[in-house]
Amino acid sequence: MPVPRCSGPCGGVRPAALRRPRTGGAVCRSCFCNAFEAEVLSTLQTGRLLPPGAVVAVGASGGKDSTVLAHVLRALDARHGLALDLHLVAVDEGIGGYRDAALAAVRRQAGRWRLPLTVVAYADLFGGWTMDEVARRAAQEPGRARACCTFCGVLRRRALEEGAQRVGATHIVTGHNADDMAETVLMNFLRGDSGRLARGGTLGSPGEGGALPRCRPLQFASQKEIVLYAHFQELDYFSEECVYAPEAFRGHVRDLLKALEAARPSVVLDLVHSAERLALAPAARPPPPGACTRCGALSSRSLCQACALLDGLNRGRPRLAIGKGRKGLGEEGEKQSCTSKDSSGGPSRAGAIQAF
Ligand SMILES: Nc1ncnc2c1ncn2[C@@H]1O[C@H](COP(=O)(O)OP(=O)(O)OP(=O)(O)O)[C@@H](O)[C@H]1O
């Protein structure tokens, strides 16, 4: 079959290199990358996510999403004069055989892009607890092993905030993509978590209670397109799965979403957009949050999630922190790590590419 010409803005000067998952159009590499970047710019501008002069902490995991995010922000900053001061902030959760290799990728990126890098470690921030220690402790509690992602996600959120504050950031950005967001919407539905469901549709959080504003500029970019973009830009990233990922409920939700996507390709973006339009009925709204009595972070209980988890761990009773009755501490409240990498339907990187 002859390779079609590009149907993008180049006007067919070049042969098409792929069929865009998002639109189905046959486009060349250059038109695809330009369109991808323009869509991220539109997300930034429409949501007024990063004002000129913003000091931006990019949550850098070394994975494809945050790698693409940092690369695109650099490119947009240079091309459109966004006046962003970009910093990479990486969290070392202390996951042997996983995070060390991912951090090595982040260090290479920081060197190549000449971006300042700050690494914050759970062990330093949380009284010696590493994720491996937490997992060992959780494994002693029947049925608790799969709660690792809950612990990790809650603590990572806190650690990223700490790292960002250290570099004087005014904003935090993370690489959550449309697939991540759709999974989260579905998970919240399945758990009946209406509060999170109503909050989850926004492009980020405004930064209440002293916390920095957070946003997700790749929220409307599909995983497939992110993998394609990384491939065409020849980005160096880490694509192994977290050792604790197989335990996570999110994996089942992801499988369900893949099955739905096969029947209805627009299902991922449909879910993301439907979440944007959800609002809680006044009677269902939780009371306004106050401050954690221990660390001062915004919290709807006397102890915030991170302090409650650490409290439970330090008392040798992790069940206290994550058991039933503590609504809001469901597994992987937001999209946290512990993901199957490149679950775009095929093997990592080029394996997911629909190239001609
Ligand atoms: N260890 C970490 N240090 C800093 N930021 C992190 C870390 N882990 C996750 N993040 C941030 O949270 C986002 C979502 O992470 P998660 O691992 O859940 O998803 P992912 O789809 O695998 O993303 P990525 O491909 O960037 O690893 C990442 O894109 C990144 O911005």
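Glycine is treated like the rest: Cβ placed from N, Cα and C.
The candidate list VAL13, VAL27, VAL91, VAL134 contains one residue that TrEMBL assigns to the ATP site with GLY59, ALA60, SER61, ASP65, GLY175, ASP180, namely VAL91. Following the DSSP three-state reduction, the secondary structure of GLY175 (ATP binding site) is coil. Across GLY59, ALA60, SER61, ASP65, VAL91, GLY175, ASP180, which the record gives as binding ATP, the greatest C-alpha separation is 19 Å. Counting only same-chain residues six or more apart in sequence, the Cβ atoms lying under 8 angstroms from the Cβ of ALA60 (ATP binding site) belong to SER66, THR67, ALA70, LEU88, VAL89, ALA90, VAL106, GLN109, ALA110, LEU117.
Across the domain 'Cytoplasmic tRNA 2-thiolation protein 1 C-terminal' (290-320), DSSP assigns 13 helix, 4 strand, 14 coil.
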